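Undergrad: As listed in Swiss-Prot for this protein:
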- Y235: active site, proton donor (ACT_SITE)
- 48-53, 74-75, 111-112, 139-140, K244, 273-275: NAD(+) binding site (BINDING)
- Y225: substrate binding site (BINDING)
- E75: site 'Plays an important role in discriminating NADH against NADPH' (SITE)
Amino acid sequence: MVIKPKIRGFICTNAHPVGCSEHVQEQINYVKQQGALKNAPKNVLVIGASTGYGLASRITAAFGGGAKTLGIFFEKEGTERKTGSAGWYNTAAFQNAADEAGLWSKNINGDAFSNEIKQKAIDTIKADLGKVDLIIYSLASPRRTDPNTGEVFSSTLKPIGNAVTTKNLNTSKREIDEITVEAANQDDIDNTIKVMGGEDWEMWIDALKQADVLADNFKTTAYTYIGKELTWPIYGHATIGKAKEDLDRATAAIKASTSDLNGEAYVSSLNAVVTQASSAIPIMPLYISALFKVMKADGTYEGTIEQIQALFSENLYGDTPRFDEGGHLFQNYKELEDDVQVRIQAIWDKVDTSSIDELTDYVGYHNEFLRLFGFGIQGVDYEQEVDPVQPIANMID
């Protein structure tokens, strides 16, 4: 079939297999150009391995460090009538590239929150890897089923205390308008912590430890975004912020429970980037469009793969890791410089519908959004018929 983007609100409901493959290849090429990682991990488990920062982590570990990688994800396969999800095509492309490069790589498709998928991962590690020395936790999900009680929790994106009315870039209408987000109640906060906090990360590490598949001196990191004043009302001082704070609690718990292995656990603070998750968050499309304008003008903007390659080389495996005042590995320091934030604020205050293209890089934002789904990739002929069915090799049933 000929595949063109179908956009509904802030999501794209289809994906292009060839475009996704090219996008993955671009990231692989970037990592290779940076040279080999020093002190690289050997056996890596990536929980949330198919898109965004998780995919970039898998690519960096494999093609920057020669690591064996086991990827966990929850994606949809294509059929003859309907495309698969971008993450499915990304993983198919990653697996093909890993095979070509002679890199060990296996894949598990299913609910990472479940006990069943944890057990599958453990069985695979025992059979093929022995132990893992890096565990990346990069899940973004709107809901979670508690594996022990069966209760389903849904996350919300709401401020805490008072409702917030703020400027917003309505991406479907291409307009600047105002959005009011109602304040969260305690259930909203608790449920969001359940879905997006550190409990499942902790459960993964506990399960891996009990199964004796964690290497001595292993490292694990979960990813977070910690913005400044502009994004605080919806992101920091909000339900999602409380969930991210719970990652700090989990970090301490993981360090304590794995102290006999000298385990290292970190939360890594990363750039605001265009992902399927961030495009759903009110204010983020406008904030990122302004951020693009400022940081691209300075030549300092880093996308997903640039951030992760630098996180690995400078922080996770670097000689002098950089920490923020909260003790997180601090990779988005360029974004949070006062000068950058002041210029973003100036754009924010001034921009209206008529000046979107002049004052922000919304075009860049929109292009980056399309690229997530394999569209707008240079060198891909979108008039060509393509097969939406793309099998993933080395999938564990």
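Numbering starts at 1 and runs along the chain as it is shown here.
Each residue, glycine too, has its Cβ placed from N, Cα and C.
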Undergrad: Count the Cβ atoms, other than its own, that fall within 10 Å of the Cβ of the residue listed as 'active site, proton donor', considering every protein chain shown.
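TA: I get 25 for this one.
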Undergrad: Which one is it: of the recorded positions E75, Y225, Y235, whose Cα lies the shortest distance from the Cα of S50 (NAD(+) binding site)?
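TA: Nearest listed residue in space: E75.
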Undergrad: Can you figure out which of E75, Y225, Y235 (the recorded positions) comes closest in space to V274 (NAD(+) binding site), comparing Cα atoms?
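TA: Sorting the recorded positions by distance from V274 (NAD(+) binding site), the top entry is Y225.
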Undergrad: Work out how many Å separate G52 (NAD(+) binding site) and the residue listed as 'substrate binding site' at their Cα atoms, rounded off.
TA: 13
Undergrad: Within a 10 Å radius around the Cβ, which one of these recorded positions has the most neighbouring Cβ atoms: E75, D111?
TA: E75
Undergrad: Spatially speaking, which of the recorded positions E75, Y225, Y235 is closest to D111 (NAD(+) binding site)? Use C-alpha to C-alpha, please.
TA: E75
Undergrad: At 10 angstroms around each C-beta, which of the binding-site residues F74, Y225 has the fewest other C-beta atoms nearby?
TA: F74
Undergrad: Sorted by position, what residues of the same chain at least six away from G48 (NAD(+) binding site) have a C-beta under 8 A from it?
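TA: Long-range Cβ contacts: G54, I72, F73, A112, I136, Y137, S138, L139, A140.
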Undergrad: From the Cα of the residue listed as 'substrate binding site' across to the Cα of F74 (NAD(+) binding site), what is the distance in angstrom?
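TA: With the alpha carbons as reference points, the distance is 22 Å.
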Undergrad: Please list, in sequence order, the residues in the chain of K244 (NAD(+) binding site) that are at least six apart in sequence and whose C-beta is under 8 Å away from its C-beta.
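TA: Expected: M196, G197, T224, Y225, I226, V267.
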Undergrad: For K244 (NAD(+) binding site), which of the three DSSP-derived states applies: helix, strand, or coil?
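TA: Reduced to three states, the DSSP call for K244 (NAD(+) binding site) is helix.
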Undergrad: Could you state the CA-to-CA distance between E75 (site 'Plays an important role in discriminating NADH against NADPH') and Y235 (active site, proton donor) to the nearest Å?
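TA: Distance between the two Cα atoms comes out at 26 Å.
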Undergrad: Hey, what's the Cβ neighbour count for G52 (NAD(+) binding site) at 10 Å?
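TA: Result for G52 (NAD(+) binding site): 25 other Cβ atoms within 10 Å.
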Undergrad: Helix, strand or coil by DSSP: which one applies to Y225 (substrate binding site)?
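TA: The three-state answer is coil.
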